[in-house]
Each structure stands twice: as C-alpha cells, then as structure tokens.
Amino acid sequence: MRETLEALSSLGFSVGQPEMAPQSEPREGSHNAQEQMSSSREERALGVCSGHEAPTPEEGAHTEQAEAPCRGQACSAQKAQPVGTCPGEEWMIRKVKVEDEDQEAEEEVEWPQHLSLLPSPFPAPDLGHLAAAYKLEPGAPGALSGLALSGWGPMPEKPYGCGECERRFRDQLTLRLHQRLHRGEGPCACPDCGRSFTQRAHMLLHQRSHRGERPFPCSECDKRFSKKAHLTRHLRTHTGERPYPCAECGKRFSQKIHLGSHQKTHTGERPFPCTECEKRFRKKTHLIRHQRIHTGERPYQCAQCARSFTHKQHLVRHQRVHQTAGPARPSPDSSASPHSTAPSPTPSFPGPKPFACSDCGLSFGWKKNLATHQCLHRSEGRPFGCDECALGATVDAPAAKPLASAPGGPGCGPGSDPVVPQRAPSGERSFFCPDCGRGFSHGQHLARHPRVHTGERPFACTQCDRRFGSRPNLVAHSRAHSGARPFACAQCGRRFSRKSHLGRHQAVHTGSRPHACAVCARSFSSKTNLVRHQAIHTGSRPFSCPQCGKSFSRKTHLVRHQLIHGEAAHAAPDAALAAPAWSAPPEVAPPPLFF
C-alpha cells in the first residue's frame, strides 16, 4: 500500500492518510484487487472491476483526482458507468504498475555479452522493402531488431544451371527438384504422355495440349494459345516490344531465354556436345537437330507427297510448292526443232513468294534469298569479287537480273550481266538450260552448265595440266594428288575422296537400286550407270577417236583405244572429251529421274 501511495504522490496527486478510508468492504476489495493484479498481467490491463460499494464522501475527492488523467483516453468508457463500479485508487494502481513494467522491459533488452552472431551457411534472404525501410545496404553490416546482419552480400542472379535444359536456379535445392522432372520422378505425372510436374496445376495446364484446348486468342491475328504467358509472349511480335537487352552489345530480345542463348555468343560457351562427333552447340535444340544427321531421322513428313525432312522449317518451305502449280518442265528434245521457242531460263518459284524487297518490289520464296538480293541495294554490293575480271563489283539495283537472257549463259567479264544466285525449293528443278533442257535446282549450277556446251574450263590444277569447268571439281581433283579421302563408310570403313562416291558405295551395303531403265526395267545403284546402260538402247556413241573416227559409248573405252595409236591417256582435245550430249530417239521414252 505504501508503494501505491508513493506512486500517486510522484504523479502530483494529494493522497490522504490510510486511516481516513473506512475499515469496511472497500478496503478488503482494494486488498483483493491488489492480489488479482499480482496474479495475472491480463487482469491488470482490463481496468474494470465490479462488486464494490460506493465510496464515502471522503473518498469522492480521491476519485475525482484519479479520473482527471483519464480524460480522452481508453478508460473514458468507464466514466459513463455508475459511481463505485471501478474505484479510482485500484485503477491507478494497475495503470502505474503496467507502465513501469513496460519501461523496465525496454531498458533490460540488451544483447548478452557472452553470445556472438555467426554467419549462417545458408544464403541470406532477400530483404526487399525491409532493407530500404531499415536502411540496410547490400553487403554492409546492419541491425534489424537487435541482430547484427553481417556477412550478407549480393548473390549471383541464378548461379546453378541444369545440364539437361537451359534453365537456371538460385539455389541447389530448387535445381534438384527440377532435375527430378527430367528423371520422371515428379509427384504429378501426366496420364497421357507420362511427363512429370511438381505441381498439379502445371499438369492440368499441360493436358490442354492433349485436348487441343487453346482458350487464349490473339486479338491481332487468328492464333490461339493454351497458356496466357504464351499469349503475352506472342503479342510482342505485334507490338515490337523487346524488354530484354544484352549488356554486352545492346541487342534486345522479346524473350528472356533468347537473351540467355545470345549471351553464350559472347562467352563462347557451348555446353551441349555431340556424342558421335566433336561438335558442340549453344542450344540443346541445335544438338537434337544435329544428331538427326547421324541417325538419319526425318520426323517431318509432307502429307501430300510423303517427302520427309529433318527440320520443320524445311517442311514449311517445301509445302509452298503444293500451294500453287509449278511451271511446266520442258522436254529434253524441245530444242531439236528450229522453230520451237526456247524456255525462259528465268527461275520461277512454284508457290507464293511472301518475302518482297522494299526497294524494287522483287519477291522471293525464301527469306535468305531476299537478304542476298538486298545486298545489291546496299553499299557493300557484291563483297565476293572475281580476281580476273570486274564481276562482283558493286552494281546498281536495275542491273540485278535473275539470270542472263543470253543463250550462252552468263560470262566472266566486265560487261557480263550479274547473276543473283537463287535456289528453287528443295528437290525442285526450276532452272533449265535453253540448249539441252536440263534442269537445275540452283541458278549458279545453271550458270556453270553452259561450259559443258562451250568446252570452257577456267580452273586449272597447279600439279598437272588438267582443267575443270567448276571449282568444286578442281577441289575434288586436288585430293588425288594429296591422297585425302575425307569421306568414310560407316559399314566397312572404306574411304573416298568425294561424297558422291561414298553415297554410290553405300548402295552396295543396302542393296538399293533406285535408278531403273524405262525400256527394260533394269535397275542401277547410280545414275551414271543408268545413263551408260541407256546407250545400249539408243545406240549412241558420243566418244569418237580423232585419229580413226571410231566411236565409243564410254569415255574409258576411248582412252583404252587411244593406246593403240600410241597416244597417252587424255590426249584427245577437251572438246572431244566433253560430257556426252545424250540424244534419245523419239521412239524411246526418256528415263524417269530419281533424286
């Protein structure tokens, strides 16, 4: 009781003597209130009591003084109660004791001297807005609720990468959980394909691909998507947004995964090696496409002609051939008639040409052909020039023609027309020779072909005196001097100097004879053997001896015959040893071509 009176006196209240209070139930109630206060802190915070009698007039003064500091506070509701329900002395005792204990608790909170805070082996959490609120700088020691935050530094963004795919993670635990999906150990597996997922919601989204459900349509085009994230990513193609810039070169990308793949070009990282050869790749998709070369897999098949492709983009380009009818192929004997009109050597792409040049309006079926054509309009012009003439220098846009209209084909000289190398769809032959009607799939091949008729051989071997009409033939011939045989057979290990020779040899193991004669139905493993065989039916002997005039159906027979005259091999003029111009009589149908 003395402590209570001293506390009231320290607050500026005038407190009477204890004997002034009546020795009745209020004193006992006051004593009971003190016992309840010491038993529980919750009862001290209530500040409401009941069951006491009204104070005497002498105590009224004390009650008014006790109520004075409560005006406008939480105990204002107690004033509306009848007098005597909550004695002011008891309330003041509780109020003072609670405030004193809270103040003492705040003063006693100190970090013990015998304890120290050690750095945790786990990575520091991302404080985010807490770091800004408490003014904690990354990597610098700080204080949060009395605990020293020392040793916390900025972590790498995603230091742990998955070896199976290109995803990266911030901690090893998440990486291990992700790797379980590659092993098929996820808790949620798709009942249709068996793919594993860590969450059931992800599995439900995946099952839309099996049902064909695409609930998110694009407002700009007709495409629909199974996930909203895919739609958001697709919309960037319409808006042109590229929110992910490269820190090295400033190039921007629409997807974060594309940025990660691009950054490997700066670091030189190629984490995906081929198990069959020594090549390495930056993306796993590139590795999968490359491995089809070793396995021979062609998973993309055309529904109209059953032709297969290794890449999906090759199938898409091929399908343009079927969208519109291609040009009619001229017959081989169309040039025999002097009044027949020679077919135009201008290439015709048998399908839509969606890639148009913005400068001259010329359209192309392939995007890379458009890029090659646009070099004519830019300053670099033709970066690959001829060492012997001016062909290949920078030309103007009007000078760019698909092919030369001269019957002799494009020449090599300052006044010759430039040739834009164009390519027909894979397997199609849209470039035809006006002299013999032979078709080619590439404009450059047609540009080299007239040398067969003119006998021109501009490429000479430095080891011997032989000359060739094309550079690839010269390169293949040079292997005869060096002994290089880079093409090996996987079945028997035999090596060849040319890839075509290897392909011809592999028919021995497979037993394939795709070239059949249209007259006798005899099959051959190579087209060359078929052409030689057809000379039996046509009676053609294109190789004649200049000494005696005897003709032969094969060049090797002519060379062997010339030994009789005492001449060395290959002594005949180049024009006489040119490729034979096979002329089939009208009664013999030309053989079908198999490619």
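Cβ from N, Cα, C; glycine included.
Per Swiss-Prot, the features are:
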- 325-343: compositional bias 'Low complexity' (COMPBIAS)
- Lys97: SUMO2 cross-link (CROSSLNK)
- Lys368: SUMO2 cross-link (CROSSLNK)
- 1-67: region 'Disordered' (REGION)
- 313-350: region 'Disordered' (REGION)
- 160-182: zinc finger (ZN_FING)
- 188-210: zinc finger (ZN_FING)
- 216-238: zinc finger (ZN_FING)
- 244-266: zinc finger (ZN_FING)
- 272-294: zinc finger (ZN_FING)
- 300-322: zinc finger (ZN_FING)
- 355-377: zinc finger (ZN_FING)
- 431-453: zinc finger (ZN_FING)
- 459-481: zinc finger (ZN_FING)
- 487-509: zinc finger (ZN_FING)
- 515-537: zinc finger (ZN_FING)
- 543-565: zinc finger (ZN_FING)
Check: Mind checking how the zinc finger (188-210) divides into helix, strand and coil residues in DSSP?
Finding: 10 helix, 4 strand, 9 coil
Note to self: Please report, as numbers and ranges, the same-chain residues at least 6 past the borders of the zinc finger (160-182) whose CB is under 8 Å from any CB of it.
What the structure shows: 123, 196-198, 257, 260-261, 271, 283-284
Checklist line | Selection from 188-210, 272-294, 300-322, 487-509, the stretch that has most Cβ pairs under 8 A to the zinc finger (515-537) | finding: 487-509
Notebook entry, point to check: Do any residues of this chain, six or more beyond the ends of the zinc finger (244-266), have a C-beta under 8 angstroms from a C-beta of it, and if so which?
Noted result: 166, 168, 233, 236-237, 282-283
Check: When the zinc finger (543-565) is classified with DSSP, how many of its residues are helical, how many are strand and how many are coil?
Finding: 8 helix, 4 strand, 11 coil
Next item on the list: Using Cβ-Cβ distances, find the residues under 8 Å from Lys368 (SUMO2 cross-link) that belong to the same chain and are at least 6 apart in sequence, listing them in sequence order.
Entry: none
Check: Does DSSP put Lys368 (SUMO2 cross-link) in a helix, in a strand, or in coil?
Finding: helix
Notebook entry, point to check: In the predicted model, what is the mean pLDDT computed over the zinc finger (244-266)?
Noted result: 88
